[in-house]
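Shown next, in structure tokens, is the structure this report addresses.
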Amino acid sequence: MKKGLFITVEGIEGAGKTTNLNFIRSILEESGEEVVMTREPGGTPMAEEVRELLLRPREEAVSSTAELLLMFAARAQHLEQKIKPTIERGVHVLSDRFTDATYAYQGGGRGLSWAMIQDLEKLVQAGFKPDLTLLLRIDPETGMARARKRGALDRFEREKLEFYFCVQEGYMKRVAEDPERFLVVDAQQSLEEVQAAIAQGLAAKLAG
């Protein structure tokens with residue numbers, strides 16, 4: 001049986017990930033493909049509990065290293081219980097964030113060692129990575145203005161603007177390391193232009 005594709009969507013807050021995740025799902029389903037949607041951190045009952053720990057605003061300062069380890073703990077569970085079994089069945093998995101977000105947020109935003117993240121990635125993933133990653137790139141000021149309109153902010157959304165410029169740099173460093181895997185789209189274009197670029201990139205991946 002042919003394995004399903006593992007497709008991830010990345011970007012800072014306000015980049016339009018939810019809208020475009022649903023757009024990708026509709027393209028795949030209209031072509032007769034089965035798709036499972038998931039997210040990180042989260043994706044399984046245990047991993048969702050870790051997500052709540054990570055995102056809930058709290059008075060206690062959270063160690064950046066603790067944050068990183070929790071991300072990979074949730075990812076280990078997510079991979080073994082959901083992502084890998086699903087693609088083995090020939091079903092595509094579409095995820096709102098994956099390991100690139102860890103490099104961007106904990107590496108770029110928090111300033112943690114890239115090498116430390118790489119070591120954890122090797123331990124947890126053993127070479128496993130997405131087949132295609134869509135990175136929606138948006139100016140952090142624009143993205144955060146959009147995010148604030150959605151209502152209550154989680155612990156990450158409360159970070160200062162400078163944090164998101166560092167996150168964006170982290171994402172672009174990841175693109176430079178593995179350019180063939182990424183489809184980078186300017187999310188400040190009109191929705192029609194963004195989705196035309198996504199559709200073209202997805203079609204090329206499916207054809208390959």
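Just so it is clear, glycine is given a Cβ too, placed from its N, Cα and C backbone atoms.
The 10 Å shell around the Cβ of THR18 (ATP binding site) contains 12 further Cβ atoms across the protein chains shown. Marked as ATP binding site by Swiss-Prot: GLY11, ILE12, GLU13, GLY14, ALA15, GLY16, LYS17, THR18.
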DSSP three-state assignment (helix, strand or coil) for THR18 (ATP binding site): helix
Local Cβ density at GLY11 (ATP binding site) - other Cβ atoms counted within 10 Å: 26
In the chain carrying GLU13 (ATP binding site), residues 6 or more apart in sequence that have Cβ under 8 angstroms from it: GLY143, MET144, ARG146, ALA147, PHE156, GLU157, TYR164
C-beta crowding around GLY14 (ATP binding site), within 10 angstroms: 23
Local Cβ density at LYS17 (ATP binding site) - other Cβ atoms counted within 10 Å: 20
